[in-house]
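K.L.:
My questions all concern the structure below.
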Amino acid sequence: MFSAGPPSYTLLRLPLLPLLLLLLVLALGRGLGRASPAGGPLEDVVIDRYYIPRACPREVQMGDFVRYHYNGTFEDGKKFDSSYNRNTTVAIVVGVGRLITGMDRGLLGMCINERRHLIVPPHLGYGSVGVAGLIPPDATLYFDVVMLDVWNKADTVQVDILLRPPFCPRMVQDSDFVRYHYNGTLLDGTSFDTSYSRGGTYDTYIGSGWLIKGMDQGLLGMCPGERRKIIIPPFLAYGEKGYGTVIPPQASLVFHVLLIDVHNPKDTVQIETLELPLGCVRRAVAGDFMRYHYNGSLMDGTLFDSSYSRNYTYNTYIGQGYIIPGMDQGLQGACIGEHRRITIPPHLAYGENGTGDKIPGSAVLIFDVHIIDFHNPADPVEIKILSRPPDTCNDTTKPGDFIRYHYNCSLLDGTQLFSSHDYGAPQEATLGTNKVIEGLDTGLQGMCVGERRQLVVPPHLAHGESGARGVPGSAVLLFEVELVSREDGLPIGYLFVWHEDPPANLFEHMDLNKDGEVPLEEFSTFIKAQANEGKGRLMPGQEPEKTIGDMFQNQDRNQDGKITVEELKLKTDEDQERVHEEL
């Protein structure tokens, strides 16, 4: 994260231990020093703890490594040294003879950010010798000290879990790739870096040498969404060199970390079934066309997309590369109505670059999916017989039959669409005449009166990709149908058929007033009479007047409102003439 920096030194550090011992012996031998506030010579360091922080998790002990700032003055207030002037803290071990005895004693028991006034008598300072050109002999020294850091070689990384989410899909392990936010401070609270100011997470591998050792250790075992405080001693951070101007040498580091997500390059798609409907007879396979709803979130719970917000499903083929590889895999094997959670690592989602402004690079994606329906373009109508009448059924529905039936129509998720019961009367249709969707027409054939069926109709046999009013595009439809009645229909293209041979001279029978012309009124009277006497029948399912009117229009070739003998032709004769013309 940072490069190295130079170590710091302090004026108080003595070059030779023998010199320090000599000074101490001389001072102790004389037993003299500057006057104490009470007027007599000081025997020990005078300590004034004029600022003590509320929290003090640790106090300086002998053998600890400390970093501190100080101002050093004489009794008259004249400054003889200051770490502030050098813009470098003192970094040194306490209680091992590297400081004057008075400072060694005066620093013991200090807390981070504590401030002390120290009065050091000559025999605990530089004694009767002083420091040439800087500190006169027998000088009492006054120090204003603020403690910035303390650590020991026996220290380890300290981890304090501030918040742990209730759901933890996985914990950080060595070789994992993590994305996290952090605020980095020194032990005294001085900020040196934050990921938040850069508008993006810090992304790296764990245990691969990309991080300082202490952070590698401190992130282990974290869950996505977890917050931690990680305190790292200098020898597991940037050590004696520090980092540039922001991290001093021998500085302990404090990181407040929020783990966003974690994955491993070896990860595969993880599937968790949240709800599985009863009676799953088929599972989705590659090549199926699926409609599903989803909520898409990052591992920390941030929602990045939702089909629900658009109020329509996501519709696509699965297993054919139309969606990200992880979703292609995660949707296969699902049942209609199933709720499942699909966790997709970045290399099976949007990779290192992410996409748009909502999915960052190297992001693990979590989809909570509800499968609405799926089908295959090769699927036929699925027919399930729910009940049949107890009596033997010899006559079943066929193309051309006129039928009446009740139905309920819904989506596969149970959403009700239409019902004949809402209209108080059965639906009417002539089979094979494109009066109903192809799948329903197929499903209604071969039925007995009183029979009940369940029909599953795929979109290509229903309303297709565009849907219809009240029917979503690419929707599989579920029908429950009951056949109420059936009438034999007429051959395709016929509006009326004879039960016996028609009269030899048909026109003369139609021309009731024998004027050589047959208007609509005479034509209608004649056809109705044939139907009433059972000599022929009209096409069922349509008002007789409408059917007769259509028949008349077909025979009135010149559209002058009357039929002549030359215009009148039976359809059977017309069909035969057409065959000869084609031949």
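Any Cβ shown, glycine's included, is placed from N, Cα and C.
Found this in TrEMBL, in case it helps:
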- 63-151: domain 'PPIase FKBP-type' (DOMAIN)
- 175-263: domain 'PPIase FKBP-type' (DOMAIN)
- 287-375: domain 'PPIase FKBP-type' (DOMAIN)
- 400-487: domain 'PPIase FKBP-type' (DOMAIN)
- 498-533: domain 'EF-hand' (DOMAIN)
- 543-578: domain 'EF-hand' (DOMAIN)
- 535-562: region 'Disordered' (REGION)
- 1-35: signal peptide (SIGNAL)
K.L.:
In the region 'Disordered' (535-562), how many residues does DSSP assign to helix, to strand and to coil?
P.N.:
12 helix, 4 strand, 12 coil
K.L.:
List, by number or range, the same-chain residues at least 6 past the domain 'EF-hand' (498-533) whose CB is under 8 A from its CB atoms?
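P.N.:
Beyond its ends, the domain 'EF-hand' (498-533) has Cβ neighbours at 544-545, 548-549, 551-552, 555, 561-565, 568, 570.
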K.L.:
Mean pLDDT for the domain 'EF-hand' (498-533), as a whole number?
P.N.:
87
